[in-house]
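Below is one structure; the comments refer to it alone.
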């Protein structure tokens, strides 16, 4: 029988959907339709500092998971992290990511969203390589947390509602902590250890986000990679912004600047000066120092229980996040 002129010669089904080429970085790409992953591949070509991968390796010093499982978990986290950045940049109307134009300015919004969504399912597909029967439930749980946190942050921005510090911390535990926790929970599921490392992971996630908020408004490195004070242009209620607004509840200047979503350099410089005048950057640095000290205490307790020397890699990550140790310009951006 002659092939139908309106039907393709290839079969698209479960087997066809899993045939993938492997990129030079070891991550799956779609063989037949590279356009599907083009926005994702574009973002990967300008890699970040990959702190999540470093954390996975560091925690595995305690958990001793086989290397093939670690590689799979790191692949899952990389796919999800980059997918979330593609979506974040659209939602925030960002202009730069890692020093280059954002993906949707090259490939368009629709194609970028589709590529990000595809990455979620490519990551989900990798779960089959893990031994833990609860891996899918863990994956779903933390992706729900991630979207819950992201949703609250978007709600505050769109409604011009300044959250409390407690609300902010809860959001960070969900949004930033989600992928941190996912990596370690998947590792724990492949390990013989029954010790819970999630409390330390939660501390690190909060430390990372508050430090990121601070750097966005204070770091020359961040300005180069993401634009000057991008959080102000986004109208984002970051940690120093929340403290500054609540330090002077009767003064609406900063709240109104956020409302404008201004790209004006002078306006953003004024906002930074205002935030500094309320002592909010100093307060932020104090919080970062406090979280770093608490993380070091948690790590010391783990080493005491599990054996000295196992925390060396984690301690190196902490030095990177500790602004006193690394210097405030150190770049750990996404």
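Cβ coordinates are placed from backbone N, Cα and C, and glycine is handled just like the others.
When Cβ atoms from all protein chains are considered, those within 10 Å of residue 81 (isopentenyl diphosphate binding site) total 21, not counting its own. Under the DSSP three-state reduction, residue 81 (isopentenyl diphosphate binding site) is assigned to helix. Summarising the annotation, Swiss-Prot assigns isopentenyl diphosphate binding site to 49, 52, 81, 98.
Summarising the annotation, Swiss-Prot assigns Mg(2+) 1 binding site to 88, 92. Secondary structure at residue 88 (Mg(2+) 1 binding site), as computed by DSSP, is helix. For residue 88 (Mg(2+) 1 binding site), the same-chain residues that are 6 or more apart in sequence and have a Cβ closer than 8 Å to its Cβ are 94, 150.
As annotated by Swiss-Prot, Mg(2+) 2 binding site applies to 88, 92, with the evidence given as similarity to another entry. Cβ contacts within 10 Å of residue 92 (Mg(2+) 1 binding site), excluding its own Cβ and spanning all protein chains shown: 19.
The dimethylallyl diphosphate binding site annotation in Swiss-Prot covers 97, 175, 176, 209, 216, 226, 236. DSSP classifies residue 226 (dimethylallyl diphosphate binding site) as helix under the three-state reduction. Neighbours of residue 226 (dimethylallyl diphosphate binding site), defined as other CB atoms within 10 A of its CB across all chains, total 23.
What Swiss-Prot records for 120 is site 'Important for determining product chain length', and it gives similarity to another entry as the kind of evidence. In the three-state DSSP assignment, the secondary structure recorded for residue 120 (site 'Important for determining product chain length') is helix.
For 212, the entry in Swiss-Prot reads Mg(2+) 3 binding site, with the evidence type similarity to another entry. Neighbour density for residue 212 (Mg(2+) 3 binding site): within 10 A of its CB lie 20 other CB atoms from the protein chains shown.
Residues 49, 52, 81, 98, recorded as contacting isopentenyl diphosphate, have a largest CA-CA distance of 16 Å.
Its Cβ placed at the centre, residue 98 (isopentenyl diphosphate binding site) has 16 other Cβ atoms within 10 Å. Counting in whole angstrom, residue 226 (dimethylallyl diphosphate binding site) lies 12 from residue 212 (Mg(2+) 3 binding site) by their C-alpha atoms. All chains included, 19 other C-beta atoms sit within 10 angstroms of the C-beta of residue 236 (dimethylallyl diphosphate binding site).
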